[in-house]
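Annotated transmembrane segment per Swiss-Prot: 18-38, 75-95, 112-132, 179-199, 203-223, in sequence order.
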Amino acid sequence: MESTSNPTVSFLGIDFDLTILAMSLLTITIIFILVFWASRKMTIKPKGKQNVLEYVYELVNNTISQNLGHYTKNYSLLMFILFSFVFIANNLGLMTSLKTHEHNFWTSPTANFGVDITLSLLVAFICHIEGIRKKGIGGYLKGFLSPTPAMLPMNLLEEVTNVASLALRLFGNIFSGEVVTGLLLQLAVLSPFTGPLAFALNIVWTAFSMFIGFIQAYVFIILSSSYIGHKVHGDEEE
């Protein structure tokens with residue numbers, strides 16, 4: 001397999017991945033355009049594109065309500081944005097391939113671990129902020145000593161593993177999907193005989209990858225809402 005890398009630019013001694021930045025911006029732009037288009041001329045009785053938008057929003061709302069309860073309305077928009085970003089980002093790499101012998105210019109943003117860990121850290125940051133807002137900084141920090149002070153290392157480790165598992169699960173599934181797609185594209189140009197087989201396999205794999213992309217976005221908001229719910233429901237569960 002040919003080795004290609006994403007073009008980068010250095011700023012203040014930090015290398016920025018131009019492909020990932022561009023694809024992330026494209027993902028955000030697609031979300032904005034779709035939501036803007038679907039929400040134009042909204043009616044009391046939804047139909048067509050408005051119906052699809054409301055269905056997705058209700059799907060997210062119903063999913064996170066299991067973990068957030070009466071706090072659902074406070075986080076429904078955040079979870080809708082997270083779901084939309086992860087789902088579209090997961091599937092961008094399936095649309096086409098754009099590369100030279102040296103550089104790759106098209107990929108799924110979530111096939112990059114930096115994007116996934118950033119999303120996970122964002123969720124963790126919100127969890128801690130909401131925990132402090134709910135219990136106060138003293139009460140929140142005291143929670144790390146529950147049920148006994150001896151549990152402090154385990155409670156801290158749990159916070160780290162939550163972030164790592166959220167990022168690694170997403171990265172592993174999407175990155176491996178792009179690797180298989182790349183192998184099928186190479187199989188297509190290997191010989192005239194493997195072309196039709198690769199084409200058929202690629203159609204099946206693309207459909208399967210889109211399904212996996214949806215499942216990963218769905219799991220991402222389930223886990224994110226679960227982590228946030230644990231922080232805001234802490235006192236109520238005790």
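Numbering starts at 1 and runs along the chain as it is shown here.
Just so it is clear, glycine is given a Cβ too, placed from its N, Cα and C backbone atoms.
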Top Cβ-contact partner of the transmembrane segment (203-223) among 18-38, 75-95, 112-132 (pairs under 8 Å): 75-95
Long-range environment of the transmembrane segment (18-38) - Cβ separation under 8 angstroms, sequence gap at least 6: 6-9, 49-50, 52-53, 81, 84-85, 88-89, 92, 103-109, 112, 114-115
